[in-house]
Amino acid sequence: MDSLPRLPSVWTLLFSGFWHLGLTATNYNCDDPLASLLSPMAFSSSSDLTGTPSPAQLNWRVGTGGWSPANSNAQQWLQMDLGNRVEITAVATQGRYGSSDWVTSYSLMFSDTGRNWKQYKQEDSIWTFAGNMNADSVVHHKLLHSVRARFVRFVPLEWNPSGKIGMRVEVYGCSYKSDVADFDGRSSLLYRFNQKLMSTLKDVISLKFKSMQADGVLFHGEGQRGDHITLELQKGRLTLYLNLDDSKARLSSSPPSATLGSLLDDQHWHSVLIERVGKQVNFTVDKHTQHFRTKGEADALDIDYELSFGGIPVPGKPGTFLKKNFHGCIENLYYNGVNIIDLAKRRKHQIYTVGNVTFSCSEPQIVPITFVNSSSSYLLLPGTPQIDGLSVSFQFRTWNKDGLLLSTELSEGSGTLLLSLEAGVLRLVIQKMTEHPAEILTGSSLNDGLWHLVSINARRSRITLTLDNEAASPAPDTTRVQIYSGSDYYFGGCPDNLTDSQCLNPIKAFQGCMRLIFIDNQPKDLISVQQGSLGNFSDLHIDLCSIKDRCLPNYCEHGGSCSQSWTTFYCNCSDTGYTGATCHNSIYEQSCEVYRHQGNTAGFFYVDSDGSGPLGPLQVYCNITEDKIWVSVEHNNTELTRVQGANPQKPYMMTLDYGSSMEQLEALIDSSEHCEQEVAYHCKRSHLLNTPDGPPFTWWIGRSNEKHLYWGGSLPGVQQCACGLEESCLDIRYFCNCDADKDEWTNDTGFLSFKDHLPVTQIVITDTNRSNSEAAWRIGPLRCYGDRHFWNAVSFYTEASYLHFPTFHAEFSADISFFFKTTALSGVFLENLGIKDFIRLEISSPSEVMFAIDVGNGPVELVVQSPSPLNDDQWHYVRAERSLKEISLQVDSLPQNTRETSEDGHFRLQLNSQLFVGGTSSRQKGFLGCIRSLLLNGQKLDLEERARVTSGVRPGCPGHCSSYGSNCHNGGKCVEKHRSYSCDCTHSPYEGPFCQKEVSAVFEAGTSVTYTFQEPYPVTKNTSSSSSAIYTDAAPSKENIVLSFVTAQAPSLLLFINSSSQDFLAVLLCRNGSLQVRYQLSKDETHIFTIDVENFANRRMHHLRINREGREFTIQMDQQLRLSYNFSPEVEFRTIRSLILGKVTENIGLDSEIAKANTVGFVGCLSSVQYNHIAPLKAALRHANIAPVTVHGTLKESSCGFMVDSDVDAVTTVHSSSDPFGKTDEREPLTNAVRSDSAVIGGVIAVVIFITFCIVGIMIRFLYQHKQSPRTNQMKEKEYPENLDSSFRNDIDLQNTHRST
């Protein structure tokens, strides 16, 4: 709702007079001194040095020269009675004249009655004013928010340590006039219209109220057709019901339109403003505004006869009301400029009064108290001891689930009575040393912040606990106990110096408010407690309830739910997609590039383009290939869709739904280097753009809801198709193939790639209504590549250089993340200053990163120490965060340093200078090195763009492979790029973005792969042989053989290497499944190594590594060293001729064991085969046309993992998941696309066979069912199915086949 625009400023200005009428806060020069003319009797205090009230006006020099209390402590205060409610805009203070007594800081409280005080707040916190530094100077403070009150109280917080508390004060403001009505809970005012129906397109309703209860209707109006408007207080919150729909929906059945405020039954004034223009509504309670749109078709609010204020009277039943009435006072009530209370006071005929409404605010003298501390707060009140029975009652409100409410030691050995709140449930226990305790439980969720009335009554051995007028008693089987009242009643907690028998507290002390305490049916005077003449207390605020709703406003972000205790709030981030103390941090990465950087490959992922910003996560498909990282977003209609019967008067329109907001898609597009969408229009006698000069018959709508008249492959604003730009259209007179209006199927297909127009949100087609005219369209998914931010880097090469950006605005939450690398000892990464506040991140030493922040309560520093140097010229990651609950600093994967923040005092981070990156405003302690991927609250800063126009800073930063080269596995080589890096898998038997994807194939009986050693060959075009060739090693001094296999065949031959001198190396499985490696290095020297720890022909994956370097020879099987041997003397292969996988097909005279294994060769799956720098299996599958490799028999690419525990003998049933050379489409599969040429031919054949069978079936049916009409059969043959019919698809496929030829 908050995203909706505010009401038009013209309308707001038009009615601003109504809102401010009678409120002198807007008066100019409302700064008159108000205390200077007061009599001495207007001043009172907690105590006085002279024993009598002392005048304390500013510049008072008579007598004691101001006020000083008898004792200088935190319980003292100075109060003045201004005679009437006035507008207070400023205050001023001095010390006591001619003394060393002055106050250095103080707070303010206000009241209308001298009871139930309200503390002055700014920034939603109790405000502390700076006081004096001497006795005579005047310190003046203008209030940020003016206050309307009669009584003002100054509360000293700190004072001159060399003196005492001393004050002279002044209050500034002006008189305040208002119209007030008092409703007693059984009354209301009816404003009757001059006509039967009041229909309004615009409304402004304003008022202030002070409520004695948590529930009650403030005003209501309704019409017979269902329109209604109601403002109602419900459990201390204001609920607005507004219905403009003629649906006959009544108040009782309709949900609230908006709910605002909390704790509004605190008997203080609250302001309300409702502004409506049509369906747009602004609803304001105090400082909080909610914007929303009403439902329904109408813009007018139709109210019949009257509006009622204070309740909803039932027609024809005087004194009867539909809902609970409002009990309290309403002030300055305006309805569309009409002063309702003024009309009532003057007894105008438009106003009808129900019940007793008076025009002055009667307020009961209720004194609340606040238990501040959960360990030391308590209130001791005396009772009448040894009475047979007991009677105690009081009201309480709290946010805490647990706390002691009452403890008293009963007389005559009756035991101890304990009343407590436990997990939100009220629990009464009477404990005796020798008996089982009596217990009563009642209520639930009593920590809801509302007032609850508790009463305990015990008479004649019967005890009753009453909660909110509902009584509860002990269980029937509980033994009856005789109770005699005690002498001391401890409320909220126990003093530290008492024995357990005097006051028991099994749980923590109560934190909350109490009022209306009765003991033995007598009210207790809490002002007497404050003055020290009754009972005792500790850590109490008397005469005010300082409860605060910490969930208003809700600082839990991204839809997190807020709960609270007395001192803090908590956020539940479940199912939000975010985490952290305030649900600030997205659990998803910002792009597919980041997922790739973490080692992920293709798959569906959620990306959150603005991180902790307002946009939610978006599900995309990340296709992470070796050269590009493609991100794809599907929409709701990716199939080839046929269109007929559309004309300009009745166009065909299809809106595409991407399952996300346009803002999410725009963020994704804007952060990508390139985006595209393929559009295809297949046509038969259907114009597309109507080129060269006609108005287009088909167009599409883009991101800004703009109509675009160009097609895929053309340029924005050029009304052409791809063939028009290429001058290759079927008819050169037109700029699109379809505009030739041919009777045969043709198409215009191409890519839209102008990012500012993407994505396509709608397509409109208007030319398929002519004879034999039809079309089919397809719009592919939105596809993008290239993260413009993740590798966005700059290099700082002078200490005085920096980049500057606009001020970082992050009042309540801030997160900063980036990568850095440096060789410097120290330097500031970034800094932003305010008047007092600041934020700074720096590398303070070679192994320390420091985060410093000040939000007005003094600087806080967090440091993360690294066990290894951070100035090692490697990329390191830093993330700093500040929320209302904590600040944290993370460096790489080191333990995070976190510190909780105080929820009292200042909490808004207010910055006003420029943001400095790489330096400071003083140009000292500048950073030398590189910074990249800088994010502030999810917003991406373009460092490179700013560096291009800044001296001392260069865009870009080389050296990614030094940090990330280890991400290239299995012999892959890291290749440096200007932005990012890639892994060159040329010399690796693996492939993929990180050389981790196995290259494997299924061998059948007789399959043979022969690699012939010769000169290096190129495997990629336009690259040097050093980076793109597979090297041969015809006379190696070492062998490094790696392969993985799955088989159930034994014996079998896995690998055979032979040389021109008849030397060989063979790897085979013997008949018993053991692995054997046979070396023949000369006619006289043969070495046989056998690994027989298990039968390796067991349909499981096995990993073999054979290594010989010089004399040392090792065999590893399944990552375990199985054999180690030293040749003597040093041996080597002479010139190698070939390497063979599977069956040896040449006649080269194999020995008997190898010949047995070679009978069928190898049957199973081989994976990731490598010999030194050669990957023979990969060469056969990927580069068969240019590599010196020969394949005999059937070789099918397949993953060996799928073969585990399967029937590897039946290899003919295993099908390749991609073409033999791995040339799969780098985009993810898109269903129902126009088929490729080979698939089209297969489809045509299948369709022909299908039609043949259909004809045979029809003939048989015709022969045996003579009743069926030939005409009917003929018609059925021509019917189309729901989707594209076979003949239509046939035409499309045949057209594609023709085009490919």
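First residue shown is number 1, and so on along the chain.
Here the Cβ of each residue, glycine as well, is placed from N, Cα and C on the backbone.
The compositional bias 'Polar residues' annotation in TrEMBL covers 1284-1301.
TrEMBL lists 30-174 with the feature domain 'F5/8 type C'. For the domain 'F5/8 type C' (30-174), the model's pLDDT averages out at 93.
For 180-361 (among others), the entry in TrEMBL reads domain 'Laminin G'.
Among the features that TrEMBL reports, domain 'Laminin G' is placed at 368-545 (among others).
Annotated domain 'EGF-like' per TrEMBL: 547-584 (among others), in sequence order.
Summarising the annotation, TrEMBL assigns domain 'Fibrinogen C-terminal' to 583-635.
Annotation comment: TrEMBL describes 792-957 (among others) as domain 'Laminin G'.
The domain 'EGF-like' annotation in TrEMBL covers 958-996 (among others). Helix, strand and coil residue tallies for the domain 'EGF-like' (958-996), in that order: 8 helix, 9 strand, 22 coil [DSSP].
Residues or ranges marked as domain 'Laminin G' in TrEMBL: 1018-1200 (among others).
Taken from TrEMBL, the feature region 'Disordered' covers 1271-1301.
Annotation source TrEMBL lists signal peptide at 1-24.
Annotation comment: TrEMBL describes 1239-1264 as transmembrane segment.
By the Cβ criterion (under 8 Å, sequence separation of 6 or more), the domain 'Laminin G' (180-361) is in contact with the domain 'EGF-like' (547-584), since 3+ such pairs are found.
Long-range neighbours of the domain 'EGF-like' (547-584) within the same chain, counting only residues 6 or more positions beyond its ends whose Cβ lies under 8 Å from a Cβ of the stretch, are 261-263, 266, 288, 370, 374, 397-401, 449, 511-513, 606, 608, 612, 614, 616-617, 812-813, 815, 881, 883-886, 903. Per-class residue totals from DSSP over the domain 'F5/8 type C' (30-174), listed helix then strand then coil: 3 helix, 70 strand, 72 coil. As a summary of secondary structure, the domain 'EGF-like' (547-584) carries 0 helix, 10 strand, 28 coil according to DSSP.
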